[in-house]
Each structure stands twice: as structure tokens, then as C-alpha cells.
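Taken from Swiss-Prot as is:
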type	residues	note
BINDING	G7, P8, A9, A10, S11, G12, K13, G14, T15	ATP binding site
Amino acid sequence: MIIAIDGPAASGKGTLARRLATQLRFAYLDTGKLYRAVGMAVIKGGADPHDAKAALAAARALDPATLGDRLLSTDTAGKAASVVGAIPEVRAALLDLQRDFATHPPQGAPGAVLDGRDIGTVVCPEAEVKIFVTASVEVRAHRRLQELRSGGHDVKEDDVLRDMRERDARDSGRAVAPMAIAADAVVLDTSRMTAEQALTAALDILAHKSQKT
């Protein structure tokens, strides 16, 4: 079984996807980290994330072992990911890796959970379960603010909110694989939900899907 979890930044999709994978003993892939790793590799190489040639080279040379790098959780990595993720050649280079993970989960797992922006629409349109996780931009900005401040970053809420809106616009407006809700996806608004409530709601969605099949 393939479970596709999509949604904008700080919607809670990553936390939900990880907990869902743990609960079901499925393999888990945070596809956003692939783009963060590419973006940071470009920056470390002294290039600009907008440089398509440098970004493509980084995508082709991506080492999955680098996905545990703490720098991938920084705001800089997030912004770079949004930029390189809008480059068609980069998305194409990472597509096979994601699809192979979904169809051949590592370590004999019975299924896979992937989270990102275009899992249900482009990467795994055949996924048996698709959930689009969202929340108001204000709630998402506040979540990101708390996350950054807890990491020791001195940031202003207005700046985080502005960056969040700009990132949403980039993710939804890119020419290739824009963030969109799949026609057969269930929308889960986590604005007023705890992580535990979101997990319960997702498990209910899975149970409902199982009953229909």
C-alpha cells in the first residue's frame, strides 16, 4: 500500500506521515528533505539555488545518507528547497528515486508513506490513500515561528508569515508539478488539531478507505 501525504509548509503533514508510518510499520520518506538536501548542496558549493545547472548536478549526485543532516531543518534549507523544487530538471531527476521507494519499500515493509507537495498528483497518482494536510497560513506561520525560536533563531512573526506566503505562492505557482489537491484526496485541516487528533483522523480515513475496497 502507498499512502500519499501532501500539503503546504508547516501544515503538520511531516509529523502525521511519520506517526502514521510508525503506527502501520510502513517505510517513510520525507520527499521535502530530498529538495532541501539538493538546495543545501548547491549553497555549500558556492552557487545560487536558482542556478538550474548547479541544482541539477546536485540532484544527480544526491547521497541519501545526507538526509539526516541537521542543517536540512533550517529555514535556509526550506527556502532553498522551494527554489530548486521549481526547476523541472531537478524534479525529474528525483522522481525515479521517490517512485522506487514507494513501489519497493526498504527492509521488506508492507507499504510506504511519502509526504511532500506532489505525491498524490505526480509522484504516486496510483496511491491507494491520499491525504492533503492543510491549516491556515497564520497557524502555519505561528508553528514555524515556535519551531525556529526553540532552535535559538531570533525571528519576527511578520517575517515568518511573509516568507510562508511567498513559499506557498512558489509551490502552487510553479510550472511543473505544482502543489495541488488530488481529485481523490481527502482534505485534513489541522488548524485546530493536536498531532494526536490528526493521527486519529488519518487512521479513520484509512479505515473508511479499507471498508470501501
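Cβ from N, Cα, C; glycine included.
Location within the structure of each feature annotated in Swiss-Prot.
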residue: G7; record: ATP binding site; Cβ contacts under 8 Å, 6 or more apart: K13, D115, R117, F132, V133, T134, M179
residue: A9; record: ATP binding site; Cβ contacts under 8 Å, 6 or more apart: G78, R140, R144, M164, R167, D168, D171
residue: S11; record: ATP binding site; Cβ contacts under 8 Å, 6 or more apart: V133, T134, A135, R140, T190
residue: T15; record: ATP binding site; Cβ contacts under 8 Å, 6 or more apart: A195, A198
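For the ATP site, the Cβ centre of G7, P8, A9, A10, S11, G12, K13, G14, T15 serves as reference, and the other residues of the chain with Cβ at most 8 Å from it are L16, D115, V133, T134, A135, R140, T190. Here the Cβ of K13 (ATP binding site) has 27 other Cβ atoms within 10 Å, regardless of which shown protein chain they belong to. Taken residue by residue with DSSP, S11 (ATP binding site) is part of neither helix nor strand, so it is coil.
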